[in-house]
Amino acid sequence: MVIRNKESGPTSYRYEYIAAVSATLSLVASVSCAGWSSPTIPALLSLESHIAISAAQGSWIVSILSIGGCAGSIAMSPMVERYGRKCTLLVSMIPLIIGWIMILIASNVSTVYVARFLHGMAYGATLSATPIYLGEISSKSIRGSTGVLIAVMAKIAFLLQYSIGPYVSFRSLAWINLSFPVIFLVTFCWMPESPYYYLSHGNEEAALQSLHWLRRTGFYNENFLREYHQMRLLVEKNRQHHPSLKDLFTKQNRKSLGLILLLSTGMQLTGVNAILGYAQTIFSKLDMNLSAAEMSIMLGVVQLMAVCIPTYFVDKAGRRPMLLISSIGSFVGLIICSSYFTLNAMGCVTEAYSWVPFVATLGFIVSFSVGLATVPFAILGEVFPKNIKANANAVFSVITSAIVFTVLKMFQVISDGAGTYVAFWIFAICTAGTTVMMYFFVPETKGKSFDEIQDMMQRTTDKVQKRRTTCC
């Protein structure tokens, strides 16, 4: 007997949100490592530090996280398909916990380097596995908002570091950060594995149980049976050949690969990680009544508030509008900061206007948060077939890690050698180029099922191929 379902209400997604929030606690644990550098580097550079470091060593402490992120993405990618999304996220906490223990006992900078590399491995692993898990457990009507949780939790992690770091000791902060992966492990171990993973391994009973836990409808509910049938068809379709990295470069996936290259590059070339990682160092250049630590806390609060905006609008306004608004706003904020630091470098009297770059930085963070910080993860979980999604996420993480490392390392080099204004001008120019590229190449995936999105990407690829053939 098939039971027809009433119109779904907000409460019908309760357990999907519970699983999504629990999964993204892994990001609070791992992204805290990125925010950790903002209060910690000034402390380590001070004369009172028990670990003496130079400015160059400080830049390595900040940027080596990205090298570990690249390694973590590559190492954990096979685990996602072989052992599951849930298992990968749980295992990713091991290097994170070891890293914080090393920070606790560190007496020299070499130990800190190794710890940061381990932190980066966890960072890369969680960023690879979390979007897949969220995309596969969420109903299509809330997939955008659950994807946005990735950025929300990341901003919570930064805010915690900005708020706590300046006021506790080096080792006390490590103890606090060590508690985050423990909290994640305790909560996420009770969550279900993705039903898609179970189906791809032929375990239909477990897939039904997982989907039932998430949807909380009867096994004979019409919508439940329809969704489960669509999942089976999609898995069978993707199972026809064994996934490999080469599949990313086939004709039908080439556009999706180009899309994630654009999104990952565009996100990072805004310089957001440099601004967040060196927040206290940048703000120390401003002559304001607030301390650099207090301005960093304000920055963390503002970005957390801003990143919550897409949670409510990304499934209504659409991905493209949010991305374009975000890119344009980020460009404006960077231009203002670039102009201020240029005038300051020219010797102009700018002390009375120190609030301008601070407000512009807040505006940049708000703009970045409403689109560029959130929407790419939602799109990433949608545009690739299930059987190659793990490889696609690994590629996304590797590219992101490589760009982040370059940006973080070169920001310090350029700022010390040529001036902070040069780095900000480079960020502004790159953001302008990203905006133009996104306008022409990013499709709208709002409200579409995985099947519909795959068909749309295939049609777009076919049109491009026909156009090329006609031109020839």
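Cβ coordinates come from backbone N, Cα and C, glycine included.
What you see is a predicted model, and the numbers here were worked out from it, not measured in a lab.
Under the heading domain 'Major facilitator superfamily (MFS) profile', TrEMBL lists 1-446.
For 57-75 (among others), the entry in TrEMBL reads transmembrane segment.
Positions annotated as transmembrane segment by TrEMBL: 87-107 (among others). Long-range contacts of the transmembrane segment (87-107) within the same chain: residues 23, 26, 29-30, 33, 50-51, 72, 76, 79-80, 114-119, 121-122, 125-126, 128-130, 133, 170-171, 174-175, 177-178, 181-182, 184-185, 188-189, 193, each at least 6 residues beyond the stretch ends and with a Cβ under 8 Å from a Cβ of the stretch.
According to TrEMBL, the transmembrane segment annotation covers 113-134 (among others).
Residues or ranges marked as transmembrane segment in TrEMBL: 146-164 (among others).
Feature annotation from TrEMBL assigns transmembrane segment to 170-191 (among others). Proximity of distant same-chain residues to the transmembrane segment (170-191), defined by a Cβ-Cβ separation under 8 Å and at least 6 residues beyond the stretch ends, is recorded for 18-19, 22-23, 25-26, 28-29, 32-33, 36, 39-40, 43-44, 49-51, 86, 89-90, 93, 96-97, 100-101, 103-104, 122, 157, 160-161, 164.
Annotation comment: TrEMBL describes 259-283 (among others) as transmembrane segment.
Look at TrEMBL and you will find 295-314 (among others) tagged as transmembrane segment.
For the transmembrane segment (321-343), the residues of the chain that approach it from at least six positions outside its boundaries are 266, 270-271, 310, 313-314, 350, 353, 356-357, 360-361, 363-376, 419-421, 424-425, 427-428, 431-432, 434-435, 438-439, 442, judged by C-beta separation under 8 angstroms. Positions annotated as transmembrane segment by TrEMBL: 321-343 (among others).
Here the transmembrane segment (355-380) has long-range neighbours at 131, 143-144, 147-148, 150-152, 154-155, 259-260, 263-264, 266-267, 270, 272, 275, 282-283, 286, 288, 295, 298-299, 302-303, 306-307, 309-310, 314, 319, 322-330, 332-334, 336-337, 340-341, 392-393, 396, 442, 445, meaning same-chain residues at least 6 beyond its ends whose C-beta is under 8 angstroms from one of its own. The annotation transmembrane segment is assigned in TrEMBL to 355-380 (among others).
Among the features that TrEMBL reports, transmembrane segment is placed at 392-414 (among others).
Residues or ranges marked as transmembrane segment in TrEMBL: 420-442 (among others). Here the transmembrane segment (420-442) has Cβ contacts under 8 Å with residues 258-259, 262-263, 265-266, 269-271, 274, 282, 285, 319-320, 323-324, 327-328, 330-331, 334-335, 337-338, 341-342, 344-345, 379, 410-411, 414 of the same chain, all six or more residues outside its ends.
Residues 33-34, 37, 40-41, 44-45, 92, 95, 109, 112-113, 116-125, 127-128, 277-278, 393-394, 397-398, 400-402, 404-405, 408-409, 412-413 of the same chain lie 6+ residues outside the transmembrane segment (57-75) yet bring a C-beta within less than 8 angstroms of a C-beta in it.
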